[in-house]
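S.K.: The structure is given below, and queries will be raised subsequently.
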Amino acid sequence: GCYGSCRESRQIEQSDQSTPLQVINILGNFVRIWSVYSLYSHLSSTGDSIVGFIFSCFVPASVIFLILQKPWKGRPLPNSQIVPTVVNGGVLALYFVLWAKGLLACRPLVALLAEYAGALLGVLSAALYGRKVNIWKKIGGLAAMLLAYYLLSNGWATRTNSPLYSFGSEPLEKATETTGMKEMVLPITAGILSALRRVLARRVSLKNQLKRRLHAITVASATCFLFPFAMWDTILGSTSDSIVKMQLPSWAYLSTVLFGMVLIFYVDNVAEESLHLVFSSPRHLVVSTGCIIILEILYKMDFSLPGLLLCSVILGFGILEATSLDRSKKRPLEAHEPSNGSLHNQLR
């Protein structure tokens, strides 16, 4: 009885401690998604170069990370950690460029939900290195995810194209056409690259403090990777005055740097280390879906609530099945070998 009461009091104490962290996680994801909608409005209205804009965001973000983390201080980093970290910077740069192009092509709602395509790595790892994992269960999760993205590409989350009943009769800012699976390739590829980047970062170091130092090097490396392409795009780009416009500190620019690059990294770290909430998980999808609903309404987008909820439920089920582990005969050491690298610390 004493053991049970102590256990219950410990659980209540842990739950009280996690409540402020959950609020921070929700607010952090909300402002990050808010920055995505601001970026979409800016790029769709101004026609700025995507590569040049992303590079101009990476420059102050890398400076902020280098000042905060000071990777040159402390124990010297070995080449076995620096080299994969620099390579990971190239993956990060490619992810942001493809994601921004997919954002313009598919709208924020689709681009944000496509970020969860990284759970597809769970199916791939199970097929190649799976141990006691029901491969058919993961294939079912893959089919559910593909079905959700197919419905999104056919406009089921938009009021003009959804066959489901849509709430609200207020006028739309502008109606949207169906995206199509061809345009969905960009954000889905970006989502897989994002998951790959997280797996590489976790493989290099599992210690939180060292992970932050290495992330500063990753962002600086991504800036260096994008520099020649940004210069080439600025010189031979479609808009001759794009570099002048990008120097103006617009809200889209500031929010992308502060919320979309800097703050979200620390928020995800807190969620992963303290709340055991990883990005490619149904719980994270629930938070993102709630934020998307609020911002779709605020920005008066072409939006169908039942269609979005249906696609999110199917996508969440697919993620749950695709990233599931065989818990029946799992040893303690296997808790650190999830089928999807993005599932680290998800199990208790």
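Note: Cβ is positioned from N, Cα and C throughout, glycine not excepted.
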S.K.: Looking at the candidate ranges 80-98, 232-250, report the one that TrEMBL labels transmembrane segment.
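M.R.: The listed stretch tagged transmembrane segment in TrEMBL is 80-98.
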S.K.: At a C-beta cut-off of under 8 Å, are there same-chain residues at least 6 beyond the transmembrane segment (80-98) that contact it? List them, or none.
M.R.: 50-51, 54, 58, 186-187, 189-190, 193-194, 196-197, 200-201, 203-205, 210, 214, 217-226
S.K.: Which range wins on Cβ pairs under 8 Å with the transmembrane segment (251-271): 50-68, 184-201, 213-231, 283-299?
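M.R.: The stretch with the most close Cβ contacts to the transmembrane segment (251-271) is 50-68.
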S.K.: Between the transmembrane segment (283-299) and the transmembrane segment (50-68), do 3 or more CB pairs sit under 8 angstroms, pairs being 6 or more residues apart?
M.R.: no
